[in-house]
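Visitor: Dropping the structure in here first, questions after.
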Amino acid sequence: MKLEIYALLFGIASARVLRVPENKDINQCPKDLPVSCSSSHVDNGCCTETNGIILLTQFWDWHYSPYEGREDTWTLHGLWSDHCDGSYSQFCDRSMMLHNISTSILAAGETELYNEMNEFWLDNRGHNDYFWQHEYNKHGTCYSTLKPSCRTDNGTSVNVLVDYFKKIVETYKGLPTYRFLEKKGIVPSSTRKYKFADIKRALKEEFGHEPTIHCDGGGDKIHEVWYSYNLVGPLLSGKLIPREPAARDNCKSDVYYLPKHQARRHQMGEFQEESFTISETEIELLR
């Protein structure tokens, strides 16, 4: 089960609102759109996101699941939109919600996208399609600029879903967390502990700001990283700008960065494939 990190609250200055007509044509938006969560914003959900903090989140699944992904790769969790005060909405637009995500992606002819998602966007119980469904319905439906009414192509929910996942994969590829840490000599080990401050510093040097890091196992085993952004313009065509972390860490000063499969062998003995089930209730509890 994925544990939630509680968001920090950020004070937001009084906004100077740039009002533009509600129009799905992005060309009608102001040319110089402000950064989200700044003192100025555009009062149009088609021109700028109503939720101004964007989080790209990744897992390091060192647990005992056979679905941990490659030993040298952090896997993808999602791309979330949070309010500027650090809170967030969820399951925002039922008319946009979809099921059978794999079927929708393949029916759209996006085989390459589907294969990439199955390589590094993994549910730790092997139910990738349910995990993708959860992420899209809970978070994807909360992006104001993804609404079909905002699209110049009169896009359907399936079009939106495909474009949303493409954006996530593109953003994820630009954040190779394993390589960021490896460059500083920080590699998985079952015996060595690292200074948490060194891990934060290594990621800050690559990203430009410290990410949020989440630890399991009593706070001494690294499990997840959240990279925070502001956004200029719509999600799909706009610019993501790295920013200070939008949530607190929960890690101790000295932490393990455990090897994936070595940790599995240590906890399970010789690996034997098991049958996993996941309920809809568990899916809903994932952040």
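Numbering starts at 1 and runs along the chain as displayed.
Using the three backbone atoms N, Cα and C, a Cβ is placed for every residue, glycine included.
Unlike curated entries, TrEMBL annotations are predicted automatically.
Feature list, courtesy of TrEMBL:
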- 1-15: signal peptide (SIGNAL)
- H77: active site (ACT_SITE)
- E135: active site (ACT_SITE)
- H139: active site (ACT_SITE)
Visitor: Taking the Cβ of E135 (active site) as the centre, count every other Cβ atom within 10 Å, in any protein chain shown.
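Guide: For E135 (active site), the count of other Cβ atoms within 10 Å is 25.
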Visitor: Does H139 (active site) have same-chain partners at least 6 apart in sequence with Cβ under 8 Å from its own Cβ, and which are they?
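Guide: Those within reach of H139 (active site), by Cβ under 8 Å and sequence separation of 6 or more, are G78, L79, W80, S81, Q90.
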Visitor: Roughly how many Å lie between the Cα atoms of H77 (active site) and E135 (active site), rounded to a whole value?
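Guide: Rounded to a whole number, the Cα-Cα distance is 8 Å.
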